[in-house]
């Protein structure tokens with residue numbers, strides 16, 4: 001029994017899907033962000049460097065993102081529900097396998113390949129399904145789902161430190177395997193939805209299923225280039241924010257507090273930015289470029305700021321910059337996915353979500369090991385955060401090539417009636433066309 005509304009319902013079961021996507025995001029990216037607390041234990045147990053252990057999280061990120069188009073393609077063919085349920089089982093098995101690791105290679109295979117493959121099957125289908133359930137409140141719904149990252153980090157960062165202290169890293173990984181199995185019931189909540197504009201039959205052939213034809217659209221190509229560059233630095237704090245705090249002289253629980261502060265700011269910003277974007281006051285591409293640039297600047301500050309208070313202090317300056325990073329990165333996150341329907345249309349949003357994750361996979365693979373290498377060479381993470389902040393800032397500059405990212409010459413007003421989501425961002429910002437306040441005139445400029 002598949003519901004067939006005239007358009008996205010903008011509520012109803014969509015809020016259940018938002019809750020499921022919230023849990024999926026928390027048990028994927030939220031857990032990855034907190035996993036950095038275990039890297040020093042891995043390095044000590046296997047007598048390896050920070051660069052070597054960073055590949056554990058880097059592989060998990062890279063596999064999760066690079067294989068996301070596969071999850072999208074499978075979801076397009078068989079539906080998001082069974083794909084996400086299978087992904088939850090694979091993720092859990094990856095953590096259980098890693099708990100019995102006898103070498104760092106076993107962790108690469110368990111957490112990096114197996115758990116990363118499971119995450120690849122859950123995130124893009126869940127978030128793509130959520131985007132199909134909303135139109136006027138889409139960015140807010142996506143922002144709500146993406147707060148799972150911050151909420152999970154807030155809870156899991158101190159909890160994981162407690163598990164490491166109590167049970168060791170093997171016991172902690174076993175318990176995390178049980179926790180990540182909850183991804184399976186989250187997948188069961190993703191009820192399929194048929195919308196106008198959907199293809200009458202699933203795409204045939206691997207290239208069509210992956211959605212690679214989307215790269216022929218200029219706006220999506222510009223977005224792809226900027227996102228790939230941002231990915232080179234965006235995920236470094238997921239892996240090395242906690243070790244950076246440890247290097248600055250903070251203890252284990254104070255380092256966990258730094259991660260928690262960034263997580264709280266991240267979660268709050270995703271909700272506020274989602275609401276702001278849905279108001280239609282500023283074009284989505286413009287918001288994307290601005291908050292991307294602010295994220296890059298915040299990462300530069302995290303690397304440069306000194307810790308005030310010494311070994312027994314709480315590192316107030318690092319806490320402040322971590323909070324600023326959380327606010328800017330949290331505002332950026334829902335915009336990346338919220339802008340997609342305007343670029344590719346509602347029918348291609350699931351495939352586009354997978355491609356976005358793939359675009360960031362190169363950065364997810366190379367960023368953390370490069371950060372670990374710079375730490376080994378320089379003795380701290382200052383150079384690491386300077387490099388990753390510069391990459392994020394450069395990617396945000398490319399976003400200025402998107403339609404609506406920059407004002408042009410003559411003031412005009414948006415159309416009185418919102419046009420259908422055709423998958424092309426017009427010079428008139430589409431976010432204004434989807435304003436929840438009904439037909440209204442919102443000034444912008446165009447030549």
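Each Cβ is built from the backbone N, Cα and C atoms, and glycine gets one as well.
Because TrEMBL annotations are produced automatically, they should be read as predictions rather than curated entries.
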Candidate ranges 381-402, 403-424, 425-446 [criterion: TrEMBL lists as transmembrane segment]: 381-402
Residues flagged as transmembrane segment in TrEMBL, choosing from 253-276, 349-372: 253-276
CB contact flag for the transmembrane segment (381-402) and the transmembrane segment (253-276), at least three pairs under 8 A: no
Candidates 83-101, 172-190, 314-333; stretch with most C-beta pairs under 8 Å toward the transmembrane segment (12-32): 172-190
